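Remarks on the structure that follows.
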Amino acid sequence: MNSCALSVIAPAKLNLFLHITGRRDDGYHELETLFTFLDHGDELHFQPRQDSRLELAPMNGVANEDNLIFRAGELLRQAYQQRGLEVCGVNIDIDKRLPMGGGVGGGSSDAATTLLALNSLWGNKLSLDELAELGIQLGADVPVFIGGSSALARGVGEQLQAVDVPQHWYLVVHPQVHISTAAVFGHPDLPRDSAPLPQQWQHAEHRNDCEALVKKLYSEVEKTLQWLLKYAPSRMTGTGACCFAAFDSERAALDVLEKLPTEWQGFVAKSLNQSPAHTALGLN
Ligand SMILES: C[C@@](CO)(OP(=O)(O)O)[C@H](O)COP(=O)(O)OP(=O)(O)OC[C@H]1O[C@@H](n2ccc(N)nc2=O)[C@H](O)[C@@H]1O
Ligand SMILES: Nc1ncnc2c1ncn2[C@@H]1O[C@H](COP(=O)(O)OP(=O)(O)O)[C@@H](O)[C@H]1O
């Protein structure tokens, strides 16, 4: 193994609440959402090459040229080249653990971890703000993973205010349905008129504005939430399909995971105010 090789976690995120306050002319929605990270995620391995090629090991379900990891790598390489900086090639491999299209941000987190790790391998010539500007071109959720702190996000997710949120153990359940973010945001019945958060937003009502519509369109999500709510306060993350329930201890969360109906998948993880990718790369 090359001594410069890196293995970095791409953590899951939860949207602890998600309010939709409007829609921009380009169709994107204005959100107010509270992000936190989990100590569970995909694991990406970066191994420098002798030549200048970026090689990504195949991942089930996504063609390599569409993979956000590859697209992030190419974007960063171009940014380095535009500055006249030479970079080495890298082999990238992934242990994919996060459900795709599940609302836990796996693709965005993979993209952000790729930007952070390659930037580190290539000498940290770009700042975190410059990486976030590249990241927003790949997805609305990428900047929060570049920022690396639990955050209240506004705009389409790029205006970030770092905040510490109380930490819990979460049981995250994937009801095994794939939900398209674009389809939820494009649906005529989606509410888009939530009032902006008050100054003391910590004490305001917290909800996910996509949840009622997604429950109506996908009965498995409704069933999942009804089941989780028997045990703990529960909500959907992002545009679904994953739902999460908050517990005070790992044991309490694991006890409920053991009862999970076999048709669903779940995992237990602790929330983190700092991304484990930043911790691994010494960025905190
Ligand atoms: C809703 C959120 C909340 O965290 O999470 P997910 O459920 O997808 O994880 C995000 O804002 C999703 O971010 P991300 O998954 O990066 O979305 P993008 O690829 O940028 O956009 C996918 C599609 O969703 C719509 N979209 C996305 C974000 C936004 N603020 N308004 C939108 O209308 C657009 O139609 C866009 O074409
Ligand atoms: N590395 C990746 N991991 C996951 N999804 C990816 C990746 N690269 C591209 N995608 C595409 O992005 C879509 C959304 O992925 P994901 O981030 O898992 O969803 P969500 O934002 O709902 O959590 C997937 O359905 C897939 O087509």
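Every residue, even glycine, has its Cβ placed from backbone N, Cα and C.
The number of other CB atoms found within 10 A of the CB of LYS13 (active site), across every protein chain shown, is 27. Annotation comment: TrEMBL describes LYS13 (among others) as active site.
Within the model, the domain 'GHMP kinase N-terminal' (67-148) shows a mean pLDDT value of 97, rounded to a whole number. The domain 'GHMP kinase N-terminal' annotation in TrEMBL covers 67-148.
According to DSSP, GLY103 (ATP binding site) is assigned to coil rather than to any helix or strand. Take the CB of GLY103 (ATP binding site) and look out to 10 A: across all protein chains shown you find 30 other CB atoms. What TrEMBL records for PRO99, MET100, GLY101, GLY102, GLY103, VAL104, GLY105, GLY106, GLY107, SER108, SER109 is ATP binding site.
Other Cβ atoms within 10 Å of the Cβ of ASP141 (active site), summed over all protein chains shown, number 27. Per TrEMBL, the feature active site maps to ASP141 (among others).
If you look up TrEMBL, you'll see 200-264 marked as domain 'GHMP kinase C-terminal'.
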GLY101 (ATP binding site): tally of other CB atoms within 10 A of its CB:
19
C-alpha of SER109 (ATP binding site) to C-alpha of ASP141 (active site): distance in Å?
8
Sequence-ordered binding-site residues from PRO99, GLY101, GLY103, GLY105, GLY107, SER109 with Cβ under 6 Å of an atom of ligand 2
GLY101, GLY103, GLY105, GLY107
Just going by other Cβ atoms within 10 Å, which of the binding-site residues PRO99, GLY105, GLY107 has the emptiest spot?
PRO99
